[in-house]
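Undergrad: Got a structure here, written out as structure tokens. Questions coming.
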Amino acid sequence: MSPPVSSGAPVQERRLGVLLSHLRPCTPPAARRGNHHHHHHHDLRVREAEGTGGLAASPCAADGSGETSGGQRCVFCEIVKGNKPAYKLYEDDVCLCILDTKPLSTGHSLIIPKRHFPSLQATPPSVIAAICCKLPLLSSAIVKATQCDAFNVLVNNGKVAGQVIFHTHVHLIPRRKGDNLWSSETYERNSIKHNQETKDLVSGIKELLFPPQDDSAEGSTIPKEL
């Protein structure tokens, strides 16, 4: 979800620039399709976002209160509580799916846990599992409703990765052939190097997952919690 309209331009640029990759400067997908009906609903979502004055796109407290370090409220927590408007697509005891107020494509949605967790690492595995198990259901409905060709599932975890609202959330972004949403899709990717550096990386990760001194982990395929 994008920061409120009142937020500074650099925050919005960072969110769009780092979301999966550098975005190719282009006309927004909705504008390219020229769908008047979509513009009406998009404008409504923007007006609702503009009416949420004071909501922050800054790190939220990790104590589950949903309050930021500046004393402001987490926008997702406020939506969950019903204090702020949102277009809700799905809701259960654990998670909520809403339309993004600044969609990268028609149907761009967010799946958020109802409890406040500032990062993926801080989110309990059971909550992550509850979110992930709803992806087939939600993506199927959104793909059919938008008549799109495919979709991206994306998590921006951490400021450098483009996270703006520090309440765990999963992006579900419908895609169409030729939408040119991600410029990195046209990049030529280099093959992995079969050298000592790569071997050391693999060893380092495995040692963190399965410490050699932990006899209980020997032969186990279940990594320890870091």
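Cβ coordinates are placed from backbone N, Cα and C, and glycine is handled just like the others.
Annotation comment: TrEMBL describes 27-48 as region 'Disordered'. As annotated by TrEMBL, compositional bias 'Basic residues' applies to 33-44. The domain 'HIT' feature in TrEMBL is assigned to 75-182. Marked as motif 'Histidine triad motif' by TrEMBL: 167-171. What TrEMBL lists as active site, tele-AMP-histidine intermediate is His169.
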Undergrad: Looking only at the motif 'Histidine triad motif' (167-171), what is the mean pLDDT?
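TA: Residues in the motif 'Histidine triad motif' (167-171) carry a mean pLDDT of 97 in this prediction.
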Undergrad: Count the residues of the domain 'HIT' (75-182) that DSSP assigns to helix (H, G, I), to strand (E, B) and to coil, and report the three numbers in that order.
TA: 30 helix, 26 strand, 52 coil
Undergrad: Among all protein chains shown, how many Cβ atoms are found within 10 Å of the Cβ of His169 (active site, tele-AMP-histidine intermediate), not counting that one?
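TA: Step by step: centre on the Cβ of His169 (active site, tele-AMP-histidine intermediate), count other Cβ atoms within 10 Å, giving 26.
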